[in-house]
Amino acid sequence: MCNPEEAALLRLEEVFSATLAHVNSLVLQPLLPAAPDPSDPWGRECLRLLQQLHKSSQQLWEVTEESLHSLQERLRYPDSTGLESLLLLRGADRVLQAHIEYIESYTSCMVVQAFQKAAKRRSEYWRGQRKALRQLLSGVSSEGSVGASLGQALHQPLAHHVQQYVLLLLSLGDTIGEHHPTRELVVNAVTLFGNLQSFMKQELDQAVATQALWHTLRGRLRDVLCTPAHRLLQDSQDVPVTVAPLRAERVLLFDDALVLLQGHNVHTFDLKLVWVDPGQDGCTFHLLTPEEEFSFCAKDSQGQAVWQWKVTWAVHQALHGKKDFPVLGAGLEPSQPPDCRCAEYTFQAEGRLCQATYEGEWCRGRPHGKGTLKWPDGRNHVGNFCQGLEHGFGIRLLPQASEDKFDCYKCHWREGSMCGYGICEYSTDEVYKGYFQEGLRHGFGVLESGPQAPQPFRYTGHWERGQRSGYGIEEDGDRGERYIGMWQAGQRHGPGVMVTQAGVCYQGTFQADKTVGPGILLSEDDSLYEGTFTRDLTLMGKGKVTFPNGFTLEGSFGSGAGRGLHTQGVLDTAALPPDPSSTCKRQLGVGAFPVESRWQGVYSPFRDFVCAGCPRDLQEALLGFDVQSSRELRRSQDYLSCERTHPEDSVGSMEDILEELLQHREPKALQLYLRKALSNSLHPLGKLLRTLMLTFQATYAGVGANKHLQELAQEEVKQHAQELWAAYRGLLRVALERKGQALEEDEDTETRDLQVHGLVLPLMLPSFYSELFTLYLLLHEREDSFYSQGIANLSLFPDTQLLEFLDVQKHLWPLKDLTLTSNQRYSLVRDKCFLSATECLQKIMTTVDPREKLEVLERTYGEIEGTVSRVLGREYKLPMDDLLPLLIYVVSRARIQHLGAEIHLIRDMMDPNHTGGLYDFLLTALESCYEHIQKEDMRLHRLPGHWHSRELW
């Protein structure tokens, strides 16, 4: 059984549908061709608004027809169709939206007086339709303008219809009672359409006020401000207010903008970028905008409250993106708009941001958070901002004169300038990776030319205020030389070492990029020159040459066009040949560059990070970042994203790193932790190690692989091990402090050396081993050559003959290991005696850890003693006279290549605590064997005479 209210709703919808159709044919359809001239911008705008109104009217009619159909179905089949099937109840939101869109389209036309303008174009036609219009309306004065009549015809039926909705739905709610299943739907519909009445009234009031405003403005101001979207919320002529420091004659608050009028000038502020600060005196409040701050002062507290409330809620509404429903300020929380927002703004004031457009996050009138800056000249910056300045990671593009060429800076910024680690790719194809301060290269960094550069170079070292300064390495690919030394103001200045591709080495003093004073020059054939030079290391002035054979030439040297090198001096051929090690193994740079001060630019950022407590926001700025880098310079938009690998992606947050560090303090666990940390390029310790590897390769790989730099390199590796241990201790201190604990007092030298040589050095040495061992190979090439000849000669002898030659006592020979011929003494068997010791010693080449190499040597000694004990059938401790011949035998059968380089590397890198102990003794014994095998009688292919083991000592 249907209610009377449902029948009344049906009749209401029938009448309204017919009215909409009638209005469409009588008013809307004729208005479209009567719109102002489309060739005029205002004419086009009016036509667009009328078309939008026509579209909204059609949508409203369609919804009304659908509602009518649902009512008809309900009345036709009341038993099978429930009350909830009515569109007004189940689809109240949809009906509401159709009404809202219509009223918004209507008021937009009303604000720009589109009806009046259209009526003027067909005034005769509309005068003839007055009677028909009066039939549509109730209470329309015959003296009213045609435009006003058109407006009433388009609005009044809608207002009446909504009013009837509310009345009938209220009555329906009373009829069905509180416990009816659809009671909640009815109450919701009553609320929505009641709110719609309030919304329509507010919209009409604002449109009337806005329309009236245009008549009070001069022509130019009206043209600037008159837009369909504007709705006037407050006018200072109604509630007076003064603005400082800009003395505005009139203040207009629209729903999307705040406008200050000052003479012919119009100052417009987007409400999405207006922040309200309550005042202190009850009559004043403050507004913040991206470029200006204002004080609004009303005559009394009531006026101040009106303005502050309306501005606050207008800002809220603008940020919300749609009009408040049902009225301004309804349903929005909190009472104050958020301080942080997202918006776009183009700066106008003079300064570095003039004409730049910022799009991104804001806070209280300043860019704050993530955003993008674009200048008209093509400059772009995307990244993080703080209080209006670039701060944090950001990418800056600077266009160059060449088309599609940019300088690209992927850096960390502080207070508007580059500060911290960055990667810069220049339009010249040069790339800089390193640190900045106040926008200039400062600290450690690498500058490298492009691969196709006519004069390729790479500088790895320290910078100061944009110039090379301090310790640094420069490789000149064109000249095939590398400079290792000190810099000042972008020039070589101070002690330096130069090495060339040809193997020539120079050490001397530089001043303003030129050699000054005496220096030394070592040639590849080990000739030595001591004197003065030209820039390209040509002998010039007084000097002395010492040749490999001992001859010396002392005098004045020079060169000239067509003359080559010439000299006047004394040639001394009577001098004795020099000690080969005096020149061949002479080391350069030692003492000139204190090892602890060479790479402070690498260590310092890590120390700063630790001293600051390892904050997350400084991790990339101080420790660097991994970034996908390309030399190909692309269009600017391609650069506005940076594929950075954040440290937390692979190793977790800094908190996780420190927590894990605390869980691995026991020796075995610590070793596993450090191995994992050093092998991960995203871990702070791993990053530090990667940078140290880079400096080491820049110095000692390629052209720098020169035997005269071996000591410089090995002391550098040991220093790096100390610094890495100190870095670990720094992280441990921070981890403990975060737990409220303290790190034990500074460790003593012995404890530190034990950890550095026993723990850190073995873990980090593989990263430097290739370049370091190459230097040892070159330094000991001559001895290793003699040693190899001796090994080759000794390998020709069968086991028994070699044992006899080495004067190994026969009762120590492991004869059971041999398959003998009828002549036992001259067995043809080779490589069978002391086989276990030989195979053990060969393992010395399978590790780079000095301690493990010494352990191999100790096990070899044990295998030799074990074999002898087996032969004798009892425990036997070898005296030195018996050990050395047997050790030489094992060394000759192990055939270890470059044994001299191995021995010297082990001695240089082993723990100082082993000095004087068993390892030191065994290494000395191995070194004695190595030196003896180099002797002439060991190298010549002849049956040597007997020798005695005491000759080794």
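Using N, Cα and C of the backbone, Cβ positions are placed for all residues, glycine too.
Note that the structure is a prediction, hence the values are computed from the model and not measured.
Swiss-Prot has this to say about the protein:
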REPEAT    432-452  repeat 'MORN 4'
REPEAT    459-479  repeat 'MORN 5'
REPEAT    483-505  repeat 'MORN 6'
REPEAT    529-552  repeat 'MORN 8'
DOMAIN    796-942  domain 'VPS9'
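Non-local neighbours of the repeat 'MORN 6' (483-505) in the same chain are 461-462, 467-476, 511-513, 521-524, 537, 588-589, 592-593, 699, 703-704, 706, 708-709, 712; each lies 6+ residues outside the stretch with a CB under 8 Å from one of its CB atoms. Proximity of distant same-chain residues to the repeat 'MORN 4' (432-452), defined by a Cβ-Cβ separation under 8 Å and at least 6 residues beyond the stretch ends, is recorded for 411-412, 417-424, 426, 458-467, 477, 599, 601-602, 604-605, 631, 691, 694, 698. Mean pLDDT for the repeat 'MORN 4' (432-452) in the predicted structure: 95. Helix first, then strand, then coil: DSSP counts for the domain 'VPS9' (796-942) stand at 99 helix, 0 strand, 48 coil.
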